[in-house]
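Report on one structure; see the data block that follows.
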Amino acid sequence: MESRALVLLLVPLASLFLLLGSTSAQLSVNYYSKRCPNAEEIVRKEMIQILSVAPSLAGPFLRLHFHDCFVRGCDGSVLLDSTPGNKAEKKALPNLTLRGFGSVERVKAKLEKACPNTVSCADVLALMARDAVWLRKGPTWPVSLGRRDGRVSYANETNQLPPPQADLTQLIQMFAVKGLDLKDLVVLSGAHTIGTAHCSSISDRLYNFTGLDNLSDVDPFLEKHYLAKLRSTCSPTDTKTIIEMDPGSFKTFDTSYFNYVAKRRSAFHSDWALLTDNFTRAYILKHANGFESEFFQDFAESMIKMGNVDVLTGSQGEIRKKCSIVN
């Protein structure tokens, strides 16, 4: 499997390393080469074991990294528990459906045993997200390392996370604040190919799109057969049921998500919104018909950009011993 992914990105690797060179000067793909030379191997080994038992966690690991980077930058703040007097990010409404925290602690514990006080939780998230994609037959990419962990986490700052109900203008603005452009927006949305969603995240599209709160108040942009299928699965008050965002293929990282969006069969309104812009629409329609290697290259580049949003380095922050609590 490894040779497949490496061959896939062999030609574009030069451009990826050029992109890495434009990120924080204190991050490096060789950051742990002397202090913890087996760090990436340890993470990869644990990820293989975790996903062999729970393959549906690949999407949640990727989502954890995304939710971490969009609030306070990629500093591991999404992993912190609440404390008396402070409600942390993970307890905010957008994060209540996050999964995989136990697995992150498992990987961190292995790293602490091999290299105490060395590898940050923020770096663990970046590596786990990369390996989650690769282990679901997606691309791999070099991860710059050396992030430090933040010491605070505030629930009210999760309003920086793009909601599933967002329109294109809102999405563009929220990505731009993080230094991510229109192409990054449509490319990173492709991660939904291995994503799942709770019925509560889409119930407004099915039953209460404009606030009328009746069976006729549906999102008119949902394809009618897909609407009927979603309604057969999700009741108006369902908060527990999980649906696949790329039905039939959500355990494989591929371009089939774009095919669903092109047919107006995307679960989130924010995914449909990508069809309202000429550039993002063209990208979706092109990749709905293949061009997988191009998408893989684009995804690798956008993940590198996102993984370096507002990182802490040098003497900033700390290296947590456990990811859920500060030292």
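For all residues, glycine too, the Cβ spot is worked out from N, Cα and C.
Positions annotated as signal peptide by TrEMBL: 1-25.
Sequence annotations record features per position, and here TrEMBL assigns domain 'Plant heme peroxidase family profile' to 26-327. For the domain 'Plant heme peroxidase family profile' (26-327), the mean pLDDT of the prediction comes to 96.
The disulfide bond annotation in TrEMBL covers Cys36-Cys115 (among others). Its Cβ placed at the centre, Cys36 (disulfide bond) has 18 other Cβ atoms within 10 Å.
Residues or ranges marked as active site, proton acceptor by TrEMBL: His67. Cβ neighbour count for His67 (active site, proton acceptor) (all protein chains, 10 Å cutoff from its Cβ): 21.
Residues within less than 8 Å, Cβ to Cβ, of Glu89 (Ca(2+) 1 binding site) and separated from it by at least 6 positions along the same chain comprise His67, Val71, Ser77, Val78, Leu80, Asn95, Ser153, Tyr154, Ala155, Glu157, Thr158. Positions annotated as Ca(2+) 1 binding site by TrEMBL: Asp68, Val71, Gly73, Asp75, Ser77, Glu89.
Neighbour count (other Cβ atoms within 10 Å of the Cβ, all protein chains): 29 for Cys74 (disulfide bond). Taken from TrEMBL, the feature disulfide bond covers Cys69-Cys74 (among others).
Within the same chain, residues at least 6 positions away in sequence whose Cβ sits under 8 Å from that of Cys323 (disulfide bond) are Gly76, Leu79, Leu80, Phe101, Val104, Glu105, Lys108, Cys121, Val124, Asp149. If you look up TrEMBL, you'll see Cys121-Cys323 (among others) marked as disulfide bond.
In sequence order, Met245, Asp246, Tyr257, Ser266, Ala267, Phe268, Asp271 are the residues of the chain that are 6 or more apart from His192 (heme b binding site) and have a CB within less than 8 Å of its CB. Sequence annotations record features per position, and here TrEMBL assigns heme b binding site to His192.
Per TrEMBL, the feature Ca(2+) 2 binding site maps to Thr193, Asp246, Asp254. For Thr193 (Ca(2+) 2 binding site), the number of other Cβ atoms no farther than 10 Å from its own Cβ, over all displayed protein chains, is 27.
The annotation disulfide bond is assigned in TrEMBL to Cys199-Cys234 (among others).
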Among Cys69, Cys115, Cys234 [disulfide-bonded residues], residue with fewest other Cβ within 10 Å: Cys115
Determine the minimum-neighbour residue: among Asp68, Asp246, listed as binding-site residues, which Cβ has the fewest other Cβ atoms within 10 angstroms? Asp246
Listed binding-site residues Asp68, Thr193, Asp254; those within 10 A of Cys74 (disulfide bond), CA to CA, turn out to be Asp68
Neighbour-count leader, CB within 10 A, recorded positions: Val71, Cys121, Cys199: Cys121
Under 8 Å by Cβ from Asp254 (Ca(2+) 2 binding site), same chain, sequence gap 6 or more: Lys137, Gly138, Thr193, Glu292
